[in-house]
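Please read the structure below before turning to the comments.
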Amino acid sequence: MGLTGLAIFKLLPKTNCKECGVPTCMAFAMALASGKATLDQCPYVSDEAKEALDSATAPPIKLVKAGAGDNVLEMGDEQVMFRHDKTFYHPTGIFIEVADNADVAAKVDEINGLAFERVGQKYVVDGVAVVNASGNADTFKDAVAAAAGKTDKVLLLVSEDAAAMEAAAAGVADRKPILYAANADNYEKMVEVAKKIGAPLVVKGKNLDDVADLAGKVGYKELILDSGERETSKVIADLTQIRRQAIKKRFRPFGYPTIAFTTEEDPYLEAMQAQAYVAKYASIVVMKTTELASLLTLFSWRSNLFTDPQKPIAVEPGIYAIGDVTPDSPVYITTNFSLTFYTVQTEVESTRLPSYLIAFETEGLSVLTAWAGGKFIGEEIGPWLKDADINEKVSHKQLIIPGGVAAIKGKIEELSGWEVIVGPREANGISSFAKLKLGA
Amino acid sequence: MPVEILKEKFTGTVQEVVLGATKEEGGTRAKTVKLGGSSTLPFLQYEGDIPNRPAIAFEIWDIEPDWNEAFNESYGDVWKDPVAWAKKVEELGADIIYLKLKGADPELDNPKSPDDCAKIVKAVLENTGAPLMVEGPGHPEADNDVLQAVGEAAAGENIALGLAEKDNYRSIAAAAMMGKHCVIGRSPVDINILKQLNIMITEMGIAPNKIINDPMSSGLGYGIEYSYSIMERARWGALIGDKMMAFPVICVAGAEAWRAKEANAPLEDAGPGWGEQKPRGIMWEAMTAAALIQAGGDLILMRHPEAVKLLNKHIDDLMKPNLY
């Protein structure tokens, strides 16, 4: 909440009319400040006061949405500078460029085909940026239409020619495309185009002063900011300033999502540049490369950064078959913390010995933490194991447990009737364990 | 109306630590390397001093490693001999050489003795000019004996000895103190232990400019964000004046990144969209490193020379001034 009770009071009629249901304007102001009342309870507040108050009670960074159907990208609405202070909410949108004078259909096909899977997650490119490289309005319009016809992803229309933008955007209005960009020279026309179709609009400044000025005067709120910088260290500085001022100073002109563009020509350096922008507050990064190693790593990083520190990622508890299992297959058990599970799964896979891996419900805690917390102990595992489906799947009753919790062996045996084999302490010991003890 | 740049007002700095000693300083290194020293958040030159760029150390072992085939090309002809390997990484541009004495692991059939290790370290020092860091085999007793011998053998060279941990730090810290070396204190992704260990090491009499912190890095995709956030919290603590969080941080990017299936799997075993192993492995390491320097990594421990090249170029760009 930006304004104090006293500051709010100064904006109220100060008549103590009681029509809001509160005895005095001062009391109402205090209620507003603590979020216990809403401004619409006062029938006499002026328009100016309304604006000032909306501004103060609004989130520090506006939530802006683009795209339609199953492909809506949410940007902004962030609250902290460091993920450990709460979390980062809206993963950076990754867009790939296509020039309007290139083979648009082929390029969009290529972008559509970029799909990655790892550790139970799927990554795809969020959007296609069609660039008016030709400088020709018709070419641009046709390219945008072609791209729109070939993909459902979010569209970013890149042209600073307002007339060309108007023509191109009209055809894809229902897709809620992002319009790039309004600048000091074209903003009146660009804003008109954006307002007409309700599309998010990027305001591009020559520097921070310029972008703050523009954001303040365009008279439109579905904005995304481009500070105009393209040098890596300067982009990071600008993105940091915009986020910091929005959050710490409630500086309204900076209270919007941001967009950054990569400039590196080498595809691997480009991914590293993009990664820095993802880490440092960009809401969208526009790139050129379609190199697999570049994108796989970038998406993985984004996924890691935007994980809520307070909610460990967990897999569905259960019995997982790895390879072509038989009733003789070994049975391993670990926790359902994603990192643990996938690390162990990878190791078991590499033994090339088909096995079962039980992901035991520990609410996403790792082995040692879950053991310490009383979730990965004999008293829990034993009774569960006694009645579990695994009894029907294998002809033996041998369970391999992580070496770090060897202490739970006795209790599991006692309560389940199974024999417990103490496995290696670390997942990377599974390979040699399987060779030595399981004949892998 | 010009925007007023909002700067954080920090009162603390990250300790600057020097690795290596030249002839004038009592050693034989061709150059020394400075770590840390920042008075602001990573790469925000406009709001403070960033006297030293993140440094890069190459990891070598004293025995042939069990690394991915991808490394045969770069090191296959040298990795049976730590001296040859050390010379190779120096040729490849290593600022710092980080030697892991895996051969002294007591669980091996014929583990190297502390004396053997001392000889290897001496030989590496004699044949290279870069500052050196030495890590024991990772078993408390062996670590203590080995690092004591190594510390003595390298007296005057201002090397770093690692890894001192909460449950085993005294011997290693003592060895560092005796030889006037630096000590690497490792904490298990736990900011409280990070601080506690620094306090304990300091209480033994180790000077602040001789301590390096390893907060334990995890690779991209396998827990990196835990390390990232510990590092960001520690850096913030350092900058607001907590001296026990203010030591330069080493990030083990190479070893951790190369544990991942994503770095190693050949195309036949790869997941959807993964592509060829070679660029994927290199990038898995490079992107692990690049993420960790955003959280304040002062020294990055790398394996693949191609990943190092990428990282160096990226750091060049990040270190360009961004004054307002």
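Cβ from N, Cα, C; glycine included.
Here TrEMBL flags A:1-59 as domain '4Fe-4S'. Marked as [4Fe-4S] cluster binding site by TrEMBL: A:C17, A:C20, A:C25, A:C42. As annotated by TrEMBL, 5-methoxybenzimidazolylcob(I)amide binding site applies to A:T334, A:T340, A:G364, A:L365, A:S366, A:V367, A:A427.
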DSSP-derived helix, strand and coil totals, residue by residue, for the domain '4Fe-4S' (A:1-59): 28 helix, 0 strand, 31 coil
Mean predicted confidence [pLDDT] for the domain '4Fe-4S' (A:1-59): 83
Neighbouring C-beta atoms (10 Å sphere around the C-beta of A:T340 (5-methoxybenzimidazolylcob(I)amide binding site)): 27
A:C17, A:C20, A:C25, A:C42 excluded, remaining Cβ within 8 Å of their centroid ([4Fe-4S] cluster): A:L12, A:P13, A:T15, A:N16, A:K18, A:E19, A:V22, A:F28, A:Q41, A:P43, A:Y44, A:V45
Cα-Cα distance linking A:C42 ([4Fe-4S] cluster binding site) and A:A427 (5-methoxybenzimidazolylcob(I)amide binding site), given in Å to the nearest integer: 63
Mapped DSSP class for A:T334 (5-methoxybenzimidazolylcob(I)amide binding site), helix or strand or coil: strand
Cα-Cα distance maximum in Å, computed over every pair in A:T334, A:T340, A:G364, A:L365, A:S366, A:V367, A:A427 that the record assigns to 5-methoxybenzimidazolylcob(I)amide: 17
Alpha-carbon distance [A:C42 ([4Fe-4S] cluster binding site); A:L365 (5-methoxybenzimidazolylcob(I)amide binding site)] in Å: 49
Candidate nearest A:C20 ([4Fe-4S] cluster binding site) in space, where candidates are the binding-site residues A:T334, A:T340, A:S366 and distance is Cα-Cα: A:S366
Proximal residue to A:C17 ([4Fe-4S] cluster binding site) among binding-site residues A:T340, A:G364, A:S366, A:V367 (C-alpha distance): A:G364
DSSP state at A:T340 (5-methoxybenzimidazolylcob(I)amide binding site), helix/strand/coil: helix
Nearest of the binding-site residues (A:T334, A:G364, A:V367) to A:C25 ([4Fe-4S] cluster binding site), judged by Cα-Cα distance: A:G364
Candidate with sparsest Cβ neighbourhood (10 Å radius) among A:T334, A:S366, the listed binding-site residues: A:S366
For A:C42 ([4Fe-4S] cluster binding site), the one of A:T334, A:T340, A:G364, A:S366, A:V367 that lies nearest, given that the binding-site residues are compared by Cα: A:G364
Which of A:C17, A:C20, A:L365, all binding-site residues, has a Cβ with the fewest other Cβ atoms inside 10 Å: A:C17
